[in-house]
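Let me begin by presenting the structure, written as structure tokens, before commenting on it.
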Amino acid sequence: MYIKRFRYIFFVSGILQLGVICSCSKQMLHINNDQCERDTATFSHATPENVNKEDENGNTPLHFAVCQGNLALVQLILEHGATERVNKENKNGYTPLYLAVIAVINDNVDLAVDLAKCLLPYATPENVNKENKNGDTPLHLAVYKGNLALVQLLLEHGATESVNKENKDGDIPLYLAVINDNVDLAVDLVKCLLPYATPESVNKANENGNTPLHFAVRQGNLALVQLLLEHGATERVNKENKDGDTPLHLAVYKGNLALVQLLLEHDATESVSKENKDGDIPLYLAVINDNVNLAVDLVKCLLPYATPESVNKENKNGNTPLHLAVHKGNLALVQHLLKHGATERVNKENKDGVTPLYFAIMHDNVDLAVDLVKCLLPYATPGSVNKANESSGDTPLYLAVHKGNLALVQLIFEHGATESVNKENKNGDTPLHLAVHKGNLALVQLLLEHGATESVNKENKNGYTPLYLAVINDNVDLAVDLAKCLLPYATPENVNKENENGNTPLHFAVFQGNLALVQLILEHGATERVNKENKNGYTPLYLAVINDNVDLAVDLAKCLLPYATPESVNKSNENGYTPLYFAVHKDNLALVQLILEHGATESVNKADEDGYTPLYVAAIRGYRAIATLLLEQPNIQIDYNHHLNQQLRDLITQPIRERLDRILNIRHFMRNDRKR
């Protein structure tokens, strides 16, 4: 940046200059403060040649005294004939006057003025306007440091010629005055300079294309801008810098309404439709202002001068002012733009394929989203209302459902969104999938009323139908209500559809322990899936009997068993566990009784992978009633040599124990007989 560079130059050059001078030759007339105070008579004996003598670097005693900032010494030397050396340059090209001004850089403002007052009466115009190696004159330095008194003093002594001089960075004193952070001081400095500034200087662009007006606007200095405009800056009021920004761009970007109004009053209207290098016009910059009310006021200032092309102009991302206003959620601004010709852009997509309608729907503020959409829909074509985003495939209807905004969905339907009610996005999801997934019953009902029945049987890319998503909802009552909405439109294939793990809606309903949902699904054709195993070998009956709620497990089994085949009732899983085994394991006597009544006699003697039958599981766990029930089964088989027989005897009642002993004795006899 300019200022950093400027300060760096001054800092380094100042140190070097002072270092050079302070290393004056020993042959110089050595005078310091103490000597001056002790004995001014020394100078009465000094010859003019001695007072003005130069060392090998071209420095005179006057250079040295100014360098030290010794005002009294400077005055003394001048009184003794050094006035002719005021304009003398040392070998680095620096005069005592220039060194006096450098005191400003070291922040000794008053000293710089006092030194200059001593020297200027003897300074030639060439000296007053002398440039250093960087092209800076004393006036440049004085203005940069904001030393108003020194600036006035220099101008009174012929520095007016420097007002229009550029340094090697292309900067004139007027630039340096304008960028001063002290608003009032900047105005005072400019007031000093402007009477001597040429029209070319007032409108001069630096290496970055910035004019004094650009700088003043960037500083937000209203009085300064007014001053420049009164002195001819209107000639460049529409001038672009290297970024393509005009003063109006900068004023709008900073949100300075007063500056915007002032510039427009001074013919900046041409800038209203100008693009900068980012493709932004002032209207864009106004629209994106975070202050909602200020954005409206800025736009109101600009729109009277905006061309229709400007109002509907796209930036580099394809966004129009309407896109940006909707994205910001600025309702008043949207209404204002629509009144001024932005209606043709309601259906325009930006480079991401997003229309203003998309932006409106996506607002988190539900009421604001509805109000924005109400503004846009009267101008939206059916194609726009039903348009799917290229990257996601989401339609406005899908987005409205995603937001769960019932009023918004209803509004979009009223403007022709029924065409996209069954449209799938890139994931294969329809609005109905999304509404069911979100568990929004009211939205599901509304979608079905508007023709979403076709979506009931559609699978997304994960193979899920809306019915599947309804069944897996953790809210038991909501899952039932959702299923009630969907099942009248579900095909038998959908009701019995398996996912990638072989689970059907019935599997999930049973697993969730949702009795009402199980009954509902069975009523709609899922009876054929009662005996269906998933990829882990589990049927719905398995999932019912393992439920930890004893009563619920019985109720679920009661629903399923009428449709269960003998094979399903007696089916063993990979560990050898049958439904009966699970029922025993859970100590669910009613469930054991129920399963036995539905053909589980074959399972009575089935052992698991460790060799334990349901009877011995009952024995181990001390389930007396279940063990008694199993022993009453006519086909019960007992291993007389089993190590749990004693536990079994201890568990059961006397009549059953006697029967068990007889069975064991007979089998023992038969086995021994076979050995003989």
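The backbone N, Cα and C atoms fix where each Cβ goes, and this holds for glycine too.
Keep in mind that this is a model prediction, so the values were computed, not measured.
Copied over from TrEMBL:
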type	residues	note
REPEAT	57-89	repeat 'ANK'
REPEAT	134-166	repeat 'ANK'
REPEAT	208-240	repeat 'ANK'
REPEAT	243-275	repeat 'ANK'
REPEAT	317-349	repeat 'ANK'
REPEAT	392-424	repeat 'ANK'
REPEAT	427-459	repeat 'ANK'
REPEAT	501-533	repeat 'ANK'
REPEAT	575-607	repeat 'ANK'
REPEAT	610-632	repeat 'ANK'
TODO: Report, as numbers and ranges, which residues of the same chain sit near the repeat 'ANK' (427-459): CB under 8 Å and 6 or more residues beyond its ends.
DONE: 393, 395, 397-398, 401-402, 404, 406, 409-410, 413, 417-418, 420-421, 465-467, 469-470, 473, 475, 478, 481-482, 485-486, 489-491, 493-494, 497
Open item on the list: Treating G and I as helix alongside H, and B as strand alongside E, what does DSSP give for the repeat 'ANK' (317-349) in helix, strand and coil?
Closed with: 21 helix, 0 strand, 12 coil
- [ ] State the non-local partners of the repeat 'ANK' (392-424) in its own chain: residues 6+ outside its ends, Cβ under 8 Å from one of its Cβ atoms.
- [x] 357-358, 361-362, 364, 366, 369-370, 373-374, 377, 380, 382, 384-386, 430-432, 434-435, 438, 440, 442-443, 446-447, 450-452, 454-455, 458, 460
Task: For the repeat 'ANK' (208-240), mean pLDDT (0 to 100) - done: 94
Open item on the list: Using DSSP, what is the helix/strand/coil residue split across the repeat 'ANK' (208-240)?
Closed with: 21 helix, 0 strand, 12 coil
